[in-house]
Every structure is written in C-alpha cells, then in structure tokens.
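One structure coming up, written as structure tokens, with questions to follow.
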Amino acid sequence: MEDASGKLQYWRLYLLSMVLGIGGSFQYGIQVSVITSPAVHVQSFVNHTWLWRYGAPVDDSSNQLIWSFIVAVLSLGAVAGAVHSGSIPVTYGRKKALLFNNVVAIVAAILMLFSRMAKSFEMILLGRFLYGYNVGLGLSVHLMYLGESSPKKLRGFMTLTGSIFIGFGKVIGQIIGIKEIMGTEDMWPYLLAVSGIPAILQLVTLLFFPESPRYLYIDKGDTEGSIKALQWLWQEDDLKLELDDMKKERESTQGEKAKTVKDVLCSRCVRWQLLTLIIPCAGVQFCGINALYFYAFDIFRESGVPENQMHYLAIGLGATELFTVTLCSFLIDRAGRKKLMGYGYLLMGITMCVLTVMLSIKDLNPWIPYVNIGLIFCVICIYGLGPSGVSMALPADLFLQAWRPSAYVISGTVNWISMFLVAMLFGYFVDALGQFCFLIFVAYSICSAAFLLYFVPETKGKTMVEIMEDFNKLNYKNRGADTERTDIDLATKF
C-alpha cells in the first residue's frame, strides 16, 4: 500500500506524460496510420486538380508518383525536425521547443484543411512535410523532457509512455479513417487536418507545467527553479538524492556546453552508448514491423478475408500493439531493458523465420493462411512487449545531459531515414524475394539480440552517472583506471 500511495504522489508527473504524449509521439502514430484511408480520394483530387489546371487528366504513373511522395515526404520532414531537436531545446528549453512545435502542426493542419478549396495538392505536400517536422522534433523533445523530469525508479515506465502514445495514435488513425467516420470523399481534408487538435491541446495545457528540472539545474544553473519544478512535479520535499545526482552529472561535464553531433560520433567515451543507440534502438525500423504491416493485407487476402473487412483487422493489429506496449510499461522496471529488448528481438527473429516457412507452403493446406495471420499477431505482440517500448526508454538512460540533445539528433535521423528506406525499398524486395524478404529482418533481429544480451549493461534502477561508469568499462576496457579517468575528462573538452 505504501508503494502504491508513494507512486500516486507523482500524479502531476503522470499528467505531464499525457500532455507531452498527446502532442508528441501520438502525432507520430496518427500520421503513420491516418494516411492510408484517404489514398483513393487524394489521388482523385490530384487528378481533378491536374485536369482543371492543364485541361487533361494526369497519367497513372505521375499520379502514383505524386501520391508516393505525399506519403514519403513525412519522413523527410521528420529528418529536418530531428536535426533541429539538438539545437532548439538546448537554446530555448524543452518546453518552449514543444510550444513552437505545436504551431508548426497547426499551420500544417490549416494547409490540409483548405487544400481542396484552393485546388492545390502542393498544400498537401507542404502540410505533410510540416507534419513530419512536427513529429521529428516532437518525438525527440518529448522523450528528452519526460526522461529529465522523472525519478530513476519511474524513468523506464515514464519514457515508455512514448510508445504507448504511438500505438494509441495508430489505433485512433485507423478508427477515424474508416468510411463510417471520416474515410469518405467529403471528409478527407478534415481527416488529414485532425492532427491540429492534439497540437492545440498541448499548446494550451503545457503552459501550466514547469520546464525540465535537469535542464534548469545542469544547463541553466538555476538551482532554485529546478527545486521548485521537482517539488511541483513530485510533491516531495526531500530531494537530496536527486540533487546530488544532478550535481555529480553537472560536475562530470565540468560545466561544458552541450556537445555537438560530431562530438557524439567521434568521442571514445560514448562509443558503446552510440552503438546501443543506433543498432537496436534507432534502427528498430529494420526489425520489419512496418514491412509486416504493409504485407499483412496480402496475407489477409490469401486467407480469404473480405476486402471490406481488412481495415477492421488492421485495427486489431494496432490495438494488439497498443495493449502489449502498455503491458511492457508495467514490466520494464521489473524485468529490465536488456532482457525485454534482447529476448524480444530474438523471439521476433524466430517467429519471422517460421512465418517465412509457412508462407512458402501456404498452398499445401487451407488452414495454413490462418496460421500466418496468427504469426503476424505474434510478431506484433513480441514487438510491443520488447523492442517497441524499450527503444523509446533506453536512449533516455544512455547519455549525460551535455550529450543527450545531440544523441537524440542522431537517433531521430537514423530512425526516420530507416523508415524512409523501408517504405521506399520494401516493395522491390517483395518483388525480388517474395516471402523470403523477411529473412533480411530476421538477420537484423538476431544480430540486435546478440548485441544487447552479450554487450549492453542493464540500466534499470541506476543513476545516469552509474550507467556512464558501466559503459566506460566497455569504452575503456583495455586501459587502466587512471588512464580511463584522464580520457573521460579530456573527452568532455573541446
């Protein structure tokens, strides 16, 4: 009972996680899923606009190219947003960065809303690019802000809410996109503009919350402001341990300014943290989860699922991911990041191997296609319980304050470029390899599992400084303690 009441004292922190999520990672989830429903209507709009301008309909290949770019430009905008996630939150603070980011999303929503009236599909392209910028910047700052505002015993759970809101966004996008709600020819501009609503909600509500305590203490040197923010969020007066931890972290960076992306890429003192950030976390797109979503409709079709019911089965996939990610949030601070993600990748690799075999023999028996549907749901479950959630929580543990913004730039850039490559190239892999295309993702999943289980130290329940010391055993494993200390000090200087 005492433990439960102790956690209830953080209700303001939980409320902050909801505010950050609805305007942060929720936007990512809804933008990934909501674009599939109005595809036919948007392509028809492009054709009519082209006919109105030039007196002739656009040819099918050009129409498909324009539509593909409308879908893909989100990733390009997200790369731009991820690049700025290292400078804007450092210069102006985490809170102001998100407030500015909401204005970007509102402008994008206005462009979407009036695109049909203006007879301009270019407004849709620009709106999607701005949505991408909003997602790329918002996702990184959301996780940064929340991780810096949470006590170490709740840090894993709180940062994992990012994945919960991504799953929630996917499900909401799939639900409102059905033809009974907003997936109609009349409603598609409103459907594409719906992300303006959570942006307005966050813009208004975030004003009532304090800036990140660690940003105030370590970056700005505002001890009093940091204490007030912690007291308001945590509702406790005994902050000695947290202040000592922040003091050690500030001393370890010797008051240096935030590191650049080049520093993160080149410094030996964060080499293994960088590998952990890139291989299993930022590269999570290469585990094949989005490709599986793309391929799912083909498997549903082969199983005899009626075309008009596939969308509802896709909602089931999204709901399954949301449920398992939520379950992961209750396990992460008990089982630990390393085990959940490492064994999750391993099981995903094994399950996709079985799926590849079953797809190869799908014509031997009429019940095999239904087994394939079950295997897809199994992969979604494993992904939600491990890689999906932990890939959001683990990066918040890996870097000290001076390194964290640039680390999130690298993480966001790798993640969005990976998503762009998978979206653009997966169709070619399917044409060339058929069901064996999943073996590429199997190889990535098995390699990531081996990397996590054999090399990465557990971060559960540890302070930032303790985690840094664990990684230094890998970064400087061939050096003595004195040399190691010297190199760490030198590495923090320009």
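Glycine is no exception: its Cβ is also placed from the backbone N, Cα and C atoms.
Feature annotation from TrEMBL assigns transmembrane segment to 12-30, 65-86, 98-118, 124-145, 157-176, 188-209, 274-297, 309-331, 343-361, 367-386, 407-430, 436-456. TrEMBL lists 17-460 with the feature domain 'Major facilitator superfamily (MFS) profile'.
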Top stretch among 12-30, 274-297, 343-361, 407-430, 436-456 for CB pairs under 8 A with the transmembrane segment (65-86)?
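That would be 407-430.
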Same chain only, please: residues at least 6 beyond the ends of the transmembrane segment (98-118) with a C-beta under 8 Å from a C-beta of the stretch. Say none if there are none.
20, 23-24, 27, 45, 81, 88, 92, 124, 126-128, 130-131, 133-134, 137-138, 141-142, 145, 189-190, 192-200, 202-203, 206-207
Cβ pairs under 8 Å only, please: of the recorded stretches 124-145, 157-176, 274-297, 367-386, 436-456, which one is richest in them relative to the transmembrane segment (407-430)?
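Looking only at 124-145, 157-176, 274-297, 367-386, 436-456, the most contacts with the transmembrane segment (407-430) come from 274-297.
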Looking only at the domain 'Major facilitator superfamily (MFS) profile' (17-460), report the model's average pLDDT.
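Mean pLDDT for the domain 'Major facilitator superfamily (MFS) profile' (17-460): 87.
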